[in-house]
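A.B. asks: According to TrEMBL, the protein has these features:
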type	residues	note
DOMAIN	260-374	domain 'ABC3 transporter permease C-terminal'
DOMAIN	693-809	domain 'ABC3 transporter permease C-terminal'
TRANSMEM	260-279	transmembrane segment
TRANSMEM	300-325	transmembrane segment
TRANSMEM	345-369	transmembrane segment
TRANSMEM	396-416	transmembrane segment
TRANSMEM	422-444	transmembrane segment
TRANSMEM	481-505	transmembrane segment
TRANSMEM	689-713	transmembrane segment
TRANSMEM	734-763	transmembrane segment
TRANSMEM	783-807	transmembrane segment
Amino acid sequence: MTGLAWHTIRARKSSLAGSFIALALGVALLAAMALTLASTIGAGRGGPDWYVTPDVVVAGTNTVSVTTGSGEDRETESLRTTASRALPADLPDRLSTMDADVVVDYAGPATADGAPGDTVHPWSAATLHPYTWSAGGPPRAPTDIALSGPSGHRPGDRITVHTLRGTEEFTVSGVLDSAAPPALYATDAVAATLASGRIHAVALTARSGDAGALAGRVRAAVGDAPAQVLTGNDRRKAEPDPDGEKLEVAISLLATTCGLAGFVSIFVVSGTFGYAVAARRREFGLLRTAGATPRQVRRLVLGEALAVGVLASLAGGALGTVLAPPFAHWLARIEFAPSNFTAHFIFWPVASAFGVGLAVALTGAWLAARRAGRVRPVEALREAALDRRPMTLARWVVGLAAIGGAVPMIAVFSSMRSADATALVLLVGMMLIVACAMFAPLLIPPLVGLLTAPLSAARGAAGMLARHGARTSVRRTAATAAPILVTVGIAGSTLVSLGTLYAALESAARDRIVAEAIAVPDGSPGLSDPAIAALRATPGITAAVPTTDTPVYVRDGDSPEDWSGRYISGPDAASVLNLPLVAGDLTALVGTDTIAVPEGRWGLGDTADLWLGDSTPVRLRVVAVLAPQLDLADTVLLPWDLRASHGQPLASTVYLRGTPPATVDGAVVVATGNYVSAADEEQARINRLASIAVLGMALLYTGIAIANTLVMATADRSRELATLRLTGATPRQLLRMIGIEAVLVTCVGVLLAGVVTLVTVAGMRSGLAGLAPSVPITAPWPALAGIALACLVTAVLGSLIPATLLLRRRPIELAGIRE
């Protein structure tokens, strides 16, 4: 049978080409996504950029951890925080006795017009990394400041600097060039004041001896203080990680993309190989009549699938390796990944894609061959002409299991976080697509009957033949509609569900803000206390309530989980925000030991244990409990006075009541409606790019699969077309018939995709009911219509072009083309 398999491969090159293309492109898609995801491992790691020259760096802790178990079962889960804890004020004195040069590094928020950088450091910190002077020299007077290049300023220029003390005038003392992150440099005393005395790090360079011995002495001096002693490449941990958040976004996005790539690859490849085998039932019937056993038939099919699978998977792996780097660069260009992110060859993702592709191809072929091998020879020949039993036990089991898996996931919509929405919606959509594909043989006859009802009264044989063919050849119709179902189903369920989710979020945000205007930073790192005071003193302003957003970290079982926090003055909150209370009083949100929480996790009067954004553990008393709301999910409110000592000295927004001014130093005032609209436009831009990143390559692959499957299906109808030609049908009539069938197949696929979308969106809307003032169904109709139209054009061309080529042959020649 192995020799016969190679013979049939050579004899059926055009038919097996479709299976080859589907598998090669599926493996390429999976390999490209897996390679890009694997390339995030270790991305961004390397030596320090700021603390280059010191041997040892002491910095505050910047991780939160949860430890469970004991002994060999002890496990620790950690998260890196966005900021680090301040070092104890007496630590520099303790370290000054070391035989080392000590630099105390402060990092206060500051920006200067026309200069890069958003922090101000002491001039002594410039020695922590190499630099050269472009012009001028170091700051010497309290009003001097040195800038990082490139800058249009020259020594002697007067510039405006926005700091936590407000807007100040400085004189440029010099401009330096360095590979370190850009920053501003003031005298040591001024830098300490602009950082409110908050020590960011202490750097030590050994005068004699080795760095290891110095590190040991430093650890002994630090003791149990909340600090980390860093050497080597670990010194980078003391530096801000601007790429860390982007890398997390890339990992999350790529994990979702990889999951979708795996689904569509498996869906298309298994269906293509299964259909390729099912279309040869007449051939297998003849082999059974000639004496072949079921086992020999299965060996023949598996031999072919193995040969095609190995070659196609190898080609797909190579193509995926080529596609991954430009995809990674595109992610970096749209700022969904660090600017230097790239994909490089890693063996195991490509090998995994190869293995998955080959396994799926063999499984799809084996399942179809198993059924063909079980049928008696005469029955096989009869079933080749008519689909008598298209619904198999496997279809019932898989279809019901997919529905059973989708239902509880839809129920989770009410408690999901917006960050998890894409993955959850895709998962529900995948389950429903599988269910529709499995039950397609049951659904296709009534759907085709409904769609072709007008054709039954029309004159001409083409419509009647197309109607009859689509209803009786159920397997062919289901196989050709499947890639259309997955293309439109994935796009529809994802885009409409996420559009509905973000429309509900917009509705909640608009309802939440009752202030007339909002002040936001304009060229400054945030709004300082003097800027807030100036807003409050503005005539016509009746309330000016500052807020600062911050991450917080909450224990969730055996690991820490990131939540959102907002510092706000509790007594003033109700004047600018509509906050739904179910218990307690927001006016009690004062001091440094209180908190307002969402309903469900803590009760009024409970103690909430969590970590602040700088990793400081706190125990806060619950003074208010908020009703569940979409925009307040996993969000806590923190008292305003708690922020300053934990790395959040500036406000990110100030809500205003009354008649606001147009501008304030370092801030711009925006009407609330315009502010929400601008935020919505930015969110829409991000969503659009994310949708392209997640869906783009998968939909391109399924689009190619539509053409590929239709070409295969049409090529396998040579005997049918020959018979119709011999009975008097003209090529024009046959092309019309095939074109109508292609339209019917597209309509069936789109209708099934509509069912998937409707169920997903209905589940989303039901889950969000009560969590937002309104949940309008929002769909990008032009995009969805374009996708459906592209599927229709692809299906029609994929059917008519090979049919036209076939019909150029004489009927007798066409009848024997498969023999």
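Glycine is treated like the rest: Cβ placed from N, Cα and C.
Any TrEMBL annotation is an automated prediction that lacks curation.
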A.B. asks: Can you see whether the transmembrane segment (783-807) and the transmembrane segment (689-713) are touching - at least 3 CB pairs under 8 angstroms, only pairs 6 or more apart in sequence?
C.D. replies: yes
A.B. asks: Suppose you look only at the domain 'ABC3 transporter permease C-terminal' (260-374); what would the mean pLDDT be?
C.D. replies: 83
A.B. asks: So, do the transmembrane segment (422-444) and the transmembrane segment (300-325) meet, by the test of 3 or more Cβ pairs under 8 Å (sequence gap 6 or more)?
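C.D. replies: Checked: the transmembrane segment (422-444) vs the transmembrane segment (300-325), no contact.
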A.B. asks: List, by number or range, the same-chain residues at least 6 past the transmembrane segment (300-325) whose CB is under 8 A from its CB atoms?
C.D. replies: 1-2, 4-6, 8-9, 16, 19-21, 23-36, 39, 273, 277, 287, 292, 342-345, 350-351, 353-354, 357-358, 361-362, 364-366, 368-369, 372, 697
